[in-house]
Amino acid sequence: MSSDNKKKAPAGERVADWADGRLGIYSLAKANMRKIFPDHWSFMLGEICMYSFIIIILTGVYLTLFFHPSMNEVEYHGSYVPMQGQLMSEAFNSTMHISFDVRGGLLIRQIHHWAALIFIAGMFVHMMRVFFTGAFRKPREVNWLFGFLLFVLGMFTGFTGYSLPDDLLSGTGVRFMQGAILSVPVVGTYLSMFLFGGEFPGGDFVARFYSIHILLLPGIMLGLMVAHLILVFYHKHTQFAGPGKSNKNVVGMPLLPVYMAKAGGFFFLVFGVIAAIAAIASINPIWALGPYRPDQVSTGAQPDWYMGFAEGLIRVMPGWEINLWGHTLVLGVFIPLVIFPLMLAAIAVYPFIESWVTGDKREHHILDRPRNAPTRTAFGVAWVTAYMIMLLGGGNDIFATHFHLSLNAITWFVRIFFFVGPVIAFIITKRICLGLQRRDRDKVLHGRESGIIKRLPHGEFIEIHEPLDQGQLHTLTAHEQYKPLEIGPTVDENGVERKVSGSQKLRAKLSKGYYGEDNQIPKPTAEEYKEITSGHGHH
Amino acid sequence: MSSQEIPEENLPSKQETEPQHGSVVVPDDNPFADPGLPPHKHRIQDIDEKAARRSERAVAFLFTLSMLATVGFIAAFVTIPADKSIFVWPIGHISGLNFALGLTLGLALFCIGAGAVHWARTLMSDVEVADERHAIEAPAEVKAKVMADFRAGAEESQFGRRKLIRNTMFGALALVPLSGVVLLRDLGPLPEDKLRHTKWAKGKKLVNMNTHEPLRPSDVQVGSLTFAMPEGMSEHDHDFQTQIAKAALMIVRIQPEDIKDKRELEWSHEGVVAYSKICTHVGCPISLYEQQTHHVLCPCHQSTFDLSDGARVIFGPAGHALPQLRIGVNEEGYLEALGDFEEPVGPAFFERG
Amino acid sequence: MKKLSARRRHPLAAVVVLLLALAATGGLYAAFAPADKAQADETAQSLAIDEGKKLYAVGCSSCHGTGGQGSSDGPPLTGVGAAAVDFQVGTGRMPLQQQGAQAPKKKVIYTQAQIDQLAAYIASLGAGPSVPTEKQYSPKGADIAKGGELFRTNCAQCHNFTGEGGALTHGKFAPSLEGVSPKHIYEAMQTGPQNMPSFPDTTMPEKEKKEIIAYLDAVNGEKTQSPGGLKLGGLGPVSEGLFGWIFGLGSLIAVAVWVAARTAKAKKS
């Protein structure tokens, strides 16, 4: 494109031309500028996570300008009176400095920490949204794993960050981590010595956690997040069923201008809300906690919420310890340490289990309503129940004092309900889902109950049912229903036994559990509908 | 186990034909057929210019408010001293600077967002558009081309033919990360027997953590709780943290007739018993001593030990009793250790035995 | 009313009912939650006995024995000293209302004069710590930072970093130290009430007790600052997590609902 045409293009266009010649931005924009995004509040949960992550990075960079990741002992001489002359590590001292002597430092610290709590809470809820609507199905399984990894890495980035100020609370948390590492058979003591540069606490861990917290983990997370986003763009967003919305299209508003304004605006909204929270509510007041000393402790020693379920696991585990041939197996600590990743993995691998059971290899872009996938929904609720019960266990002492309960009783409750709770939750959830499916079926066939009672001439009272319009009818019947997998007869007509592998039997069993009779309510067929509506009977 | 074995009829049937956007398709035979996107309905701003102008003013107001809030932020930064405390009901006595900066920043950001969203919601077109999706999977001919290309490339590299090259390359690539692993060796020392020893030794006096004075048996009364460290340690020592993490001691006095464990009684002095303050679960400083029950609770994970019975575990996740320090009295009448702990203090580990 | 009933099948009706139910349960809980009410105050008021022994015989002897020798219901009081009486009765913990995991703080039912008489009587049964004078417990001029270190070594394990209290075994608890008078804190350290261990002068001299009191006054007193904003109970990550979920994520989701909601359509006129 020659630029010396008769009329000079506007400046903006010329810059764009320049960039296009080098970066090919026009082709990129052609594909993406008017890309369609569906509108639904639950689709913005991921954005809450992304924006709080950006906020964390921005505020984190600011904090590194003032924080000294060193464990050298210094005497405090800052402006907080109740700490004058106390011995503390430079890490703690510089955090005190940020909180009291750097103008706005406390605000940035609090934004950073609140955003971190919200980031991980947001990821949890986002993950549950994806799970319960079946958005993890093909072609999005890989993106599900990316998201899951982000959640796990977020937990560890949070934990290492929480440990940096070297205060009495976080130091206790690090001590716990060290104790947990020691429990690992064979290599535990070596791992601990290498991580801490010798015995606990030593003089190294703050500096080491610092590089993990500000460089290693966030670097990986940033990469994963970009990949996650690229895949969201590439796959195009999922959508709920509705008039005009099919598996082959995506309905919504274009990126430019609506989504750009909404998503861009949402960043500012998220940042604004978190800044306001940081103005109003205190978080991690290290001046009240004091500097870390391995011989001091406070009651109510908990990690940040996202490590709370791990804390619960470790609190309610019985103290099993086996001594064999001069060696100790610290099962009381090691078993929770193993259950912790297994519990997370249980939700991570679920999509692969479901796709194996269904054998469905098609792409899915229409979201399920949770009720229409009762077994999946019930599994998810059971998992959340187990998670929440452990979270409760992690705060057992706080709950004991504030609800006037016995600590020991709560611990026993958690021990039992970690196993019983998910089973109950599974059964109840499945029943509720099936009930809702039945209600949908009734709604389709008989219309919506209007609440208006009519008296017929012969004295009978009936409730008027409003028929649904076609859009609603379509929405309520758009979901797909699988038929359970049958193995068929294991002996053919000649009496020869057919080989059926164990895994195939398991699969058939699972499939029956998912889609068999009583495990889903058959959706109304057009014939049923016509029969009822043509009769115009009042039932 | 591949899923190809699932018979096609088990999968739900495909959805009906694609509806066209914007048009209300006359329903065919199927009452549940997709009627297509509902026709676009106008917002009040689309038909009433006055309402649209109201929206415009609202958006402009929000953006202006944001500007004012930023000015306020700068003003607060400059004028409010960092140590100024204000009382805000119902929050309490808080830092004026933090409150002012946070609220103005929050407002400045929130108003930008609220303005943009209000703009998008009321003035930008809200006509829903449908975009076609395309299969992620490549068509068969693309796949065939890629496979052919790959085969050609592999062929040309002679990778499969020259096994020697292939095997030595794998070997080299497998070995080279070892350098990185070896480099990690100096992250820390080997454990050796470091976890088995503390600063306690025969003849070391028990020094009160509060007063830094050596303790006499008469100082420790029944029902009291005292913490001690070995004589010769100071908070200014460069390795104080590491040493106190093992040496911290908890001293209580129990009427000798209430002590149930024979060895505990033997290792005590007139009912004064000294136990490690470091929990045997994961190492929290355990010290929630209930003087009537003689139970001591760990605040981190609620392991409970009975100090009148050899500090055995009576509840919670700890796996073994707290180590006891054998104590006596020296000729000057001070409490002293009669040796180091006989077993490692703190959390259990594989080599503990 | 008619309008209301016509809408009871409205798709949003369930949400409204749920919100109402939640509000009602919360209100009911607040109304009926067990409150520590001392029912004994009137009976005590009517006892116009101004002599310690008589007071003891009426209010204490049923559990602690007629001569302070103790019984299965209460420990012996010989040698506990006047300070213990001043603390237990002065904070309303004694007389006990009912046997339980531990005697909670309640309304004080004796006047200070009566408490002093009781204390004098108990002190006469056997030597013990006497009621501290103001000179002993007044935190004026004490080193607050040193008090902080002492507090974290000796007290925080049960009472939390800034004295918010914490759980012990089987329903027992370390109470919150908010609003407890310096005298009572001093007496508690001195005498070790109930399951709290004592911190006698031999291991924690008077000066250090003062420092601890001064620290508590600084971090959990009426004028204590919480620079960052709401203290959230001073309980650490549990309350911070709840706040982050409910108000942080909660308000962000509310905002998201607004962002994604459909704009009101013009009514057909």
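Every residue gets a Cβ built from N, Cα and C, even glycine.
These figures come from a predicted structure and were not determined experimentally.
Now, the feature entries from TrEMBL:
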| type | residues | note |
| --- | --- | --- |
| DOMAIN | A:15-241 | domain 'Cytochrome b/b6 N-terminal region profile' |
| REGION | A:516-539 | region 'Disordered' |
| TRANSMEM | A:43-67 | transmembrane segment |
| TRANSMEM | A:111-132 | transmembrane segment |
| TRANSMEM | A:144-164 | transmembrane segment |
| TRANSMEM | A:176-197 | transmembrane segment |
| TRANSMEM | A:209-234 | transmembrane segment |
| TRANSMEM | A:263-283 | transmembrane segment |
| TRANSMEM | A:324-353 | transmembrane segment |
| TRANSMEM | A:373-393 | transmembrane segment |
| TRANSMEM | A:405-428 | transmembrane segment |
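Remote same-chain residues near the transmembrane segment (A:176-197) are listed as 159, 203-205, 208, 303, 314, 327, 329-330, 332-334, 336-337 (criterion: CB distance under 8 Å, separation of at least six residues from the stretch ends).
If one looks beyond the transmembrane segment (A:144-164) by at least 6 residues along the same chain, the residues whose Cβ comes under 8 Å of a Cβ in the stretch are 49, 67, 69, 91, 95, 116, 119-120, 123-124, 126-127, 130, 136, 170-171, 173-174, 177, 205-206, 209-210, 212-213, 217-218, 220-221, 224-225, 227-228, 231, 284, 303-304, 306-307, 344, 347-348, 351.
Long-range contacts of the transmembrane segment (A:373-393) within the same chain, counting only residues at least 6 positions beyond its ends with a Cβ under 8 Å from a Cβ of the stretch, are 128, 131-132, 134, 305, 308-313, 315-316, 343, 346-347, 350, 354, 399, 410-411, 414, 417-418, 421-427, 429-430, 433-434, 437, 513-514, 519-520. Residues 312, 315-316, 318, 378-379, 381-386, 389-390, 392-393, 396-397, 399 of the same chain sit 6 or more residues outside the transmembrane segment (A:405-428) yet have a Cβ under 8 Å from a Cβ within it. In the predicted model, the domain 'Cytochrome b/b6 N-terminal region profile' (A:15-241) has a mean pLDDT of 95.
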